[in-house]
Amino acid sequence: MARFQSAVSLNVSVFFLMVGVGLTVSLLPARMAALSGSFSDVGCLASCFALPFVLLQVPMGSLADRYGYKAFLAAGYIVCGLSALAYCLAETPDILYMGRVLQGVGEVPIWALAPALLSVDWPEGRGKVLGMYNASMHLGLTAGGLLGLIFCDCWDGSGAFWVLAATGLAGGVLVMTCAGEKAGGKESGVEGWDLKTAGVLMVRRETRAVFSGIVLYGCGYGVFLTVIPMSLIAGRGAGEQAVSLFFVLFYVAVSLSQLMGGALSDKAGRVATMTLGLTMAGICLPVAVWARGLALLSGLAMAGFGLGIFCVSAMAALSESVPVSRRGTISGAFYLAWGAGYFVGPILLGTVSDHGGFGPGLLVFSVLLLGNAGVLAAFSGRIRAVA
């Protein structure tokens, strides 16, 4: 009963927090433009979030392995709430930058440590439980984006930011009162894992193909949110409604794939579903080069579905490849690799696209996905669960 209560509290908290994130993410560029009028300042908003989010993944995971997850999770929600207060009260660009840094720090445990806690609490049906958490996250982002479109004319200058502040602070209280203490080094009495050992795991033969797939997954996720929408607008003449529909379809596809892929990986095996996900994405992505209209959106949605299947299966596979005392660190390593791909992929494909190479670049990326799927299949017997 305790682990069920903990899982419910984590899913409810992340859903409502991501509703707030979805509401506010599209408003920050306009707020920065109003305060500074500089395009470079708007671009720096992403960097202010990305740097702490990527760099703190493994250190925070290692600390959580030593001292327990619950306090870090609750603190993450509260820090996200404080970042929203900074957005509400900002009268200079520097305050907005500070808010984005705080949000980057706060979202680290929410993305990485909650799956680690769930993976320990649910040794059976682990893929299904992780899929439900990731689906709750993406459904919250979807709902927030839709609410932003519906009520965009109703908000005053800071209305949506107050929603994020409320969901962040409430999430911290809910996690602190309802999430379990079972996971974490406090209970196991095991020392934390040093960062050098974490790096060794990322290049270990058994998990190397998984981490390369995670980097490609991060590339795909970033490309879906940046370069592909730009291609829809510039190359296909798509309007705002078509692009909005694309984002909704992408988040819904990822959410459904997390739910279905997690349960499927529990039954069919982690490697089989990771291979299936990368193969599906690699086959469906080239549709973006030639198709138009409904066929284009459907193909991209299926590619997003494949990426989501890979994500939850890889997360479960890595969690099972290390002892319980190292779950926080391995989860942080997952998002470190994801973050590297997320920020490198769009830059590379965007640069190629500026020179007329969007189609060939996307085809090369598809080949890399299919190649990684083949490597995973070849190493299917070498990724073993230890816990």
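Cβ atoms here come from the backbone N, Cα and C positions, even for glycine.
These numbers come from a predicted model, not from an experiment.
Here's what TrEMBL has on this protein:
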- 6-384: domain 'Major facilitator superfamily (MFS) profile' (DOMAIN)
- 12-30: transmembrane segment (TRANSMEM)
- 42-60: transmembrane segment (TRANSMEM)
- 72-90: transmembrane segment (TRANSMEM)
- 132-151: transmembrane segment (TRANSMEM)
- 157-179: transmembrane segment (TRANSMEM)
- 209-233: transmembrane segment (TRANSMEM)
- 245-264: transmembrane segment (TRANSMEM)
- 271-291: transmembrane segment (TRANSMEM)
- 297-318: transmembrane segment (TRANSMEM)
- 330-352: transmembrane segment (TRANSMEM)
- 358-379: transmembrane segment (TRANSMEM)
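Between the transmembrane segment (132-151) and the transmembrane segment (330-352), fewer than three CB pairs separated by 6 or more residues in sequence fall under 8 Å, so the two stretches do not touch. Note on the domain 'Major facilitator superfamily (MFS) profile' (6-384): mean pLDDT across this stretch is 84. Under the criterion of 3 or more C-beta pairs below 8 Å, with sequence separation of 6 or more, the transmembrane segment (271-291) and the transmembrane segment (358-379) qualify as touching.
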